[in-house]
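Here's what Swiss-Prot has on this protein:
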type: SIGNAL; residues: 1-25; note: signal peptide
type: BINDING; residues: D287, D289, Q291; note: Ca(2+) 1 binding site
type: BINDING; residues: D368, E407, D415, E417, E420; note: Ca(2+) 2 binding site
type: BINDING; residues: H372, H376, E396; note: Zn(2+) binding site
type: ACT_SITE; residues: E373; note: active site
type: BINDING; residues: E407, N413, D415, E420; note: Ca(2+) 3 binding site
type: BINDING; residues: Y423, T424, I427, D430; note: Ca(2+) 4 binding site
type: ACT_SITE; residues: H461; note: active site, proton donor
Amino acid sequence: MNKRAMLGAIGLAFGLMAWPFGASAKEKSMVWNEQWKTPSFVSGSLLKGEDAPEELVYRYLDQEKNTFQLGGQARERLSLIGKQTDELGHTVMRFEQRYRGIPVYGAVLVAHVNDGELSSLSGTLIPNLDKRTLKTEAAISIQQAEMIAKQDVADAVTKERPAAEEGKPTRLVIYPDGETPRLAYEVNVRFLTPVPGNWIYMIDAADGKVLNKWNQMDEAKPGGGQPVAGTSTVGVGRGVLGDQKYINTTYSSYYGYYYLQDNTRGSGIFTYDGRNRTVLPGSLWADGDNQFFASYDAAAVDAHYYAGVVYDYYKNVHGRLSYDGSNAAIRSTVHYGRGYNNAFWNGSQMVYGDGDGQTFLPFSGGIDVVGHELTHAVTDYTAGLVYQNESGAINEAMSDIFGTLVEFYANRNPDWEIGEDIYTPGIAGDALRSMSDPAKYGDPDHYSKRYTGTQDNGGVHTNSGIINKAAYLLSQGGVHYGVSVTGIGRDKMGKIFYRALVYYLTPTSNFSQLRAACVQAAADLYGSTSQEVNSVKQAFNAVGVY
């Protein structure tokens with residue numbers, strides 16, 4: 001949640017254009033990837049048949065082999081990695097591109113089949129790999145690649161060798177490095193000290209060169225921490241801003257304490273005391289009388305209460321059970337570190353710093369902050385957006401959008417500002433970002449003003465302002481850069497962006513792909529000729545995203 005994360009990165013950028021496709025432009029449309037000269041979003045009545053849904057996808061790609069340029073049979077180039085039925089009854093499948101059995105990094109295709117008809121394909125596949133002679137055996141070992149990544153972290157980030165934790169297993173991938181795909185190791189270096197980090201490295205498997213690196217802070221591995229057996233009760237306490245809240249707790253007759261353990265939602269909501277250390281998760285919060293009014297309790301009261309609000313929002317509005325869709329437990333640690341000016345999702349739990357009292361109050365005191373960070377978890381379990389460049393900016397925008405919608409859902413002094421409750425307590429009216437007016441805090445509100453440098457992972461906290469503005473306009477309407485947008489309200493805006501995130505976006509999606517995904521999501525929900533579809537187009541036109 002840094003206002004500006006000053007992190008260097010080299011990016012993957014995709015330029016796209018929209019074109020009519022196939023025999024009937026009225027029925028089919030395409031978003032074209034200018035870098036790879038292949039489609040990245042195709043929609044319409046693509047293919048009908050009685051085959052299994054995945055067979056329709058393979059058959060269509062083979063039929064359009066000159067367009068997608070996969071080379072060979074599609075079933076030999078793609079591996080089905082996920083299949084589900086969405087709330088509209090569509091079969092949604094995710095495929096990962098492979099080269100001689102090796103995953104192609106970020107090359108994920110999402111397909112929708114409804115009533116025996118293939119209706120859309122989204123995602124960027126790398127063409128003509130069969131025409132390249134790519135190495136499939138590494139010249140350096142996994143251990144060497146990991147040592148190179150850890151040493152680079154020490155040299156460039158922490159200035160000392162970090163106490164690395166177990167991360168995602170290192171794997172070989174085909175990495176689309178600019179115009180030259182190559183064999184690389186994907187290495188994950190996670191650590192909590194001296195500063196938290198969750199770095200992804202692409203290490204050339206031939207010579208150990210660092211091809212790319214970025215900090216995916218919303219993932220890391222926590223320690224233990226066990227729930228208690230007991231009776232569900234309701235406690236009361238005061239939050240960071242002094243407001244009283246009733247919270248679900250658990251009484252353990254064995255220990256004689258009340259714990260911040262909510263057994264009424266999914267697999268539970270658990271809140272821990274970090275005790276100003278950097279070891280996670282800390283101790284499950286305990287209290288002797290079920291009243292949490294001490295000043296030290298405030299951050300825990302808010303973290304616990306707001307986690308429940310976020311759970312309720314996703315369940316009641318979108319039918320989603322916890323961040324993973326399968327009722328995963330929600331764990332939060334407060335009082336992390338001393339005066340720590342940050343909050344982050346670490347792949348398994350939420351972590352909240354106390355702030356320094358001047359720049360930030362305790363981060364759990366902002367309901368939109370809690371909603372923002374837990375939405376990173378939703379993104380991790382759905383689109384898996386790479387936290388760099390435009391895909392990273394979409395990642396951040398989704399968290400801002402749904403953090404704000406959670407705030408409106410709870411009706412707790414809602415507005416279109418981000419982090420206003422906990423940022424610069426001595427300055428009235430200040431915030432981290434604004435969705436209604438991104439330029440208010442120096443963020444771009446139009447694609448022509450986007451940041452194109454390498455800091456902040458390629459501007460993930462900056463360029464998110466472009467998408468935030470589009471979402472605001474879609475909800476509230478208005479005129480922006482001479483483009484008039486008819487608002488459709490917060491609820492419909494949220495449903496469109498949620499459907500785009502969960503059922504259409506892929507790890508390397510960019511702004512143009514997001515536009516196409518939102519248009520298709522609106523068509524799914526409200527009809528292809530609806531005002532909602534027109535408003536989506538207007539909103540993205542207004543911010544210069546086509």
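Glycine residues also receive a Cβ, built from the backbone N, Cα and C atoms like all the rest.
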Review point. Counting other Cβ atoms within 10 Å of each Cβ, which of the recorded positions H372, H376, H461 scores lowest?
Key: H461
Practice item. State which of the following recorded positions has the fewest other Cβ atoms within 10 Å around its Cβ: D287, D368, E373, E396, D430. Key: D430
Review point. On a count of neighbouring CB atoms within 10 A, which of the binding-site residues E407, D415, E420 is highest?
Key: E407
Point to revise | binding-site residues clustered about H461 (active site, proton donor) [Cα within 10 Å; pool: Q291, E407, D415, T424] | key: none
Point to revise | Distance [Cα-Cα, Å, rounded] between D415 (Ca(2+) 2 binding site) and H372 (Zn(2+) binding site) | key: 14
Practice item. Return the residue, from the listed binding-site residues Y423, T424, I427, with the maximum count of other C-beta atoms within 10 angstroms of its C-beta. Key: Y423
Practice item. Find, among the binding-site residues listed as D289, E417, the one whose Cβ has the highest number of other Cβ atoms within 10 Å in the structure shown. Key: E417
Exercise for review: In three-state terms from DSSP, label D368 (Ca(2+) 2 binding site) for me.
Suggested key: helix
Review point. Residues near the Ca(2+) 3 site, E407, N413, D415, E420 excluded, by Cβ within 8 Å of the Cβ center?
Key: I367, D368, R412, P414, W416, E417, D421
Exercise for review: Looking only at C-alpha atoms, tell me how far E407 (Ca(2+) 2 binding site) is from E373 (active site), rounded to the nearest Å.
Suggested key: 13
Study note, to complete from the structure: Residues sitting within 8 A of the centre of the D287, D289, Q291 CB atoms (Ca(2+) 1 site), not counting those, run G235, Y258, G288, N290, F292, F293
Review point. Just the number: how many Å between the Cα atoms of D368 (Ca(2+) 2 binding site) and T424 (Ca(2+) 4 binding site)?
Key: 16
